[in-house]
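Here is the structure we will look at, set down as structure tokens.
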């Protein structure tokens, strides 16, 4: 069967004792707020860069070009500026570098320490952005925000996957994406309000309010417990058992704890996780930790999330209309993520990936055709109210598809498929690839829109077609499978089976047989 056989808890994964406790739900909700950092920045930067007072102060050439009709004959090229895009994309370059340091911190000192460092860096960066008087301070602030995002995106998904019971791991892990979407929506609402502040300083409020999610994550990291996996990884066996008992709400955690011990002992034999992840036995995890974040960014979602107000303004929406349209698409983003929380553990990851891909393909082609008909190749034209509403509807259809598929699952799946000995390295690769292509898309989007015009949407649609095919053939179902027994999933897959040695699953099978007996 293409894509591998369905493997659920009853299909080979161990069924551990325990229940879904209020403690684990609360800790996962607090940890998931780390997504607010990423989401708030995604939503705030596009709105700020569409505000005239901000452009006039830091990017006067863009402001002049925007307001000089003779210099922008094409609507497609209204905001084309490498310096302006550097303001947005510099954060993701810093996040890329930070993710590798975060990998070491997460493995040696624990997940919560990494979360604390990320929150603190984001806090300082927010303050600098709010008080910036020149581009240099603005960029330095963005770089510190990037460090915060790099540490948060490295540690939070891993924390959630390790803390959550297998049967609701998807729902709790998707809390991270939910926080991202809430951050985006809140940022859109704040931009809509601050753009109306008289005196032209509203952009400072938008940037400075990033201290709020930074404080939430920093203080949350202080009160959160560390995961049993992380505690055991650092050599505190009894403390890890006690934490597992508290998390699962039962004293009988022998089976699950033994699996954690086995995984920890295997991890300790690995002196170089970065070298180890290159071994053939980890080929499925390595490939998917690269391809999933690569394709997630090539969906074109950050074109919408970064530059929604700029994009809508470019396409003929007025100033207020462009910001409000961004709020509407942000609201759709939040609501659609709830669908994923409900569906990921019920229907599985694969069906959401595949349905979301098809829906994005259709909506992107429809957006490209609509823009082509209205603006043509020369970029001259206008949108009627009905045209603008239809375009906004198509973009919301696209955002909804991403929000219940590639958005949350792009973080969930890489964080749950790696065994403990390569988990930090795998997540660092996931974050790094994500940030590399987030940076590239952020940096070149406005130029691509200027030169590729409506073809830009066909460009992203082509990648969505490719990635949907890849998921169909190469991603097995992982719902309800304990993360310490994920090798059994790969061993049953039509393509990946040849990379997984027999001893990687024989031990797990023997333990299951002993429990059944």
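For all residues, glycine too, the Cβ spot is worked out from N, Cα and C.
Automatic, uncurated: that is what TrEMBL annotation is.
Checking the ranges 322-344, 483-505 against TrEMBL, the transmembrane segment annotation falls on 322-344. Per TrEMBL, the listed range annotated as transmembrane segment is 113-133 (candidates: 113-133, 239-259). Using a Cβ-Cβ cut-off under 8 Å and counting only residues 6 or more beyond its ends in the same chain, the transmembrane segment (454-475) has close neighbours at 2-4, 287-288, 291, 295, 298-300, 303, 349-350, 353-354, 357-358, 360-361, 364-365, 367-369, 371-372, 375, 406, 413, 445, 448, 495-496. Counted as Cβ pairs under 8 Å, contacts with the transmembrane segment (428-448) are highest for 83-106 among 83-106, 113-133, 201-224, 351-376, 388-407.
If one looks beyond the transmembrane segment (201-224) by at least 6 residues along the same chain, the residues whose Cβ comes under 8 Å of a Cβ in the stretch are 27, 30-31, 33-34, 36-37, 39-41, 44, 47-48, 51, 53-54, 112-113, 115-116, 118-120, 122-123, 125-127, 129-132, 141, 145, 148, 152, 159, 183, 187, 190-191, 193-195. Sequence-remote contacts of a segment are chain residues at least 6 beyond its ends whose Cβ falls under 8 Å from one of its Cβ atoms, and for the transmembrane segment (113-133) they are 31, 34, 37, 98, 102, 105-106, 140-152, 154-156, 159, 204-205, 207-211, 213-222, 224. At the 8 Å Cβ threshold, with sequence separation of at least 6, the transmembrane segment (388-407) lacks contact with the transmembrane segment (139-160), having fewer than 3 such pairs.
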